[in-house]
Amino acid sequence: MNQAIGQENYRWFLAFLAAHVLLLFYGALALGLLLAGEIVRRDLMNVQFYSPNKKKVIKATWSVILQYLMFNNWATVGVFILCGAMCLVLGGFTAYHLWLTLRNVTTNESYKWSELKRAIQYYHKEQQRKREEEEGAEEAADEEHQQRSTDGTNEQEDDDGDDDDDEMWETLPPNQYNRGAWLNLLEVLTPFSTRVPPVNVTKKERKKHTGSKKRR
């Protein structure tokens, strides 16, 4: 497309992906029907094949029929496999972008949200490890306190007061741009920059807006 994917052309990028997925699906379906018609036309399910390796006649199985088709219709089978594989890969890529659209995030934002989620999970694991270490230290301190109490040498420990540190890592903050799947989809299909301005603007401003749209 020779340009960056932005607000106004992201919908065309999705249409570009969806069109190619449909074309690849159509190609795989058409070639699959051609190969199925070849099997029916030649009645390959009831044909016996001679195996040069085993040097005997064998019954038709799906693996044997596939080998026969690949040997006699190698171009059709090859394009069928290519269309099917590309349809699955591109279909997954299209579904990923639709998922991003419904959440109203970009690929870069999705990566950063994942990094933040992993950081929060790591923080909770570290907090759990610290609590376990503190509990073990408290048990050891209690035992030491009981031993020192007999000598009258009790010591008072200071509280570090670090329990409230890093409160920002406790939960994942919400995405303030996520207004719901339907509104997020409408925002991509009809971007704000392409919509008609409000009715309370002057005719001169409206004409200026529509003129700038035509120049694009």
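Just so you know, glycine gets a Cβ as well, placed from its N, Cα and C.
Annotated domain 'Palmitoyltransferase DHHC' per TrEMBL: 2-113, in sequence order. As annotated by TrEMBL, transmembrane segment applies to 12-36, 79-102. If you look up TrEMBL, you'll see 128-175, 194-216 marked as region 'Disordered'. The feature compositional bias 'Acidic residues' is assigned by TrEMBL to 154-169. Among the features that TrEMBL reports, compositional bias 'Basic residues' is placed at 204-216.
Beyond the ends of the transmembrane segment (79-102), by six or more residues, the same chain brings 10, 13-14, 17-18, 20-21, 24-25, 27-28, 31-32, 35, 110, 181, 184-185, 188 to within a C-beta distance below 8 angstroms of the stretch.
Secondary structure of the domain 'Palmitoyltransferase DHHC' (2-113) per DSSP (helix as H, G, I; strand as E, B; remaining residues coil): 83 helix, 6 strand, 23 coil.
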